[in-house]
Amino acid sequence: MDSIVSSSTILMRSYLTPPVRSCSPATSVSVKPLSSVQVTSVAANRHLLSLSSGARRTRKSSSSVIRCGGIKEIGESEFSSTVLESAQPVLVEFVATWCGPCKLIYPAMEALSQEYGDKLTIVKIDHDANPKLIAEFKVYGLPHFILFKDGKEVPGSRREGAITKAKLKEYIDGLLNSISVA
């Protein structure tokens, strides 16, 4: 027996009703009777629809994967060799798969990675997969940028938040000029 909870009414239904599709028609379809659907009022005119079949659903989202193209994604084990021991400056971008602003600046970062070529190495570090680095460098907002030169953080190089490609270029050029790598 299922219930539909509205702002002031509870209805009990035990009769069979037409089925409801539980996924998009482009994928395999599992059909559930409408009687297995529970609607709960969350706020005025907003409803949360949940299936009470007891089965757990998982969904893979291709948009949640960070694709780096020319930018290498590194972890804690590669940080020392890639960033601290690098002969050239390294711009580290801390990102997360769930971070909207990180996804927003992705094309600009890719373009700048190609543009700077051998003057600058750009790497990404996943926030969720590398908690020790996040704590060590006190990363509180995403995306978060830190420039490293000769194994040390360049003073004043920290920046966080999404910015335009032009502003990113201005930021990087300013940093490279301050460490005499232009």
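A Cβ is built for glycine as well, from the same backbone N, Cα and C atoms used for every other residue.
Of the cysteines listed (Cys68, Cys99), Swiss-Prot assigns Cys99 as the disulfide partner of Cys102. A C-beta separation below 8 Å, combined with a sequence spacing of at least six in one chain, links Cys99 (active site, nucleophile) to His127, Leu142, Pro143. Counting neighbouring Cβ atoms within 10 Å of each of the recorded positions (Pro101, Cys102), the lowest count belongs to Pro101.
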